[in-house]
Amino acid sequence: MDDRLTHIIKGAAAGFGAIAGYLLGGFSVFVHLLLIMVIVDWLTGWAAAWIRGELRSRVGFHGIIRKVAIFLVVVVAHFIDAALGGLNYFQNAVICFYLANELLSITENVGRMGVPMPTVLRNAVKIFESKSDPAPNPNMSEPEQENKDQGQKPAV
């Protein structure tokens, strides 16, 4: 590869890392763990869809957009914390919420791939699911939201 191109790529990577570090308030253990869980969730979702013959580029693209949105919410939480004195209460709470969601999604994806799950992990997922209170989707009507909450498909 040309030396100029190498320098451009390295500079762009360094710039992206610096901006991300600033926006996220650094790369704490929580931020690292969230990044790893988001990547693992995306990869297991992709693998499960591929194994089941359900792989669609549009769905995958929407998944990537949702993952970016997770980090945007973490950025907002970081700046709320910064405005309140910088103790990372909001950011850590937001990250823990998303970590729990990512864990649930990863276990679902692995199950869709037909990989057996350890009982202790299945039990932990059941606890998370029983304690979670999904936020209503503002784009859904009330009957659609109720059907979704009860695991039913919307009436057409």
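Any Cβ shown, glycine's included, is placed from N, Cα and C.
Bear in mind that the values here come from a model prediction, so they are computed numbers and not experimental data.
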**Asked** Given 7-24, 97-114, which one carries TrEMBL's transmembrane segment label?
**Response** 7-24
**Request:** Determine which residues of the chain contact the transmembrane segment (69-90) at the Cβ level, with the cut-off under 8 Å and only residues 6 or more beyond its ends counted.
**Result:** 23-25, 28, 31, 34, 38, 98
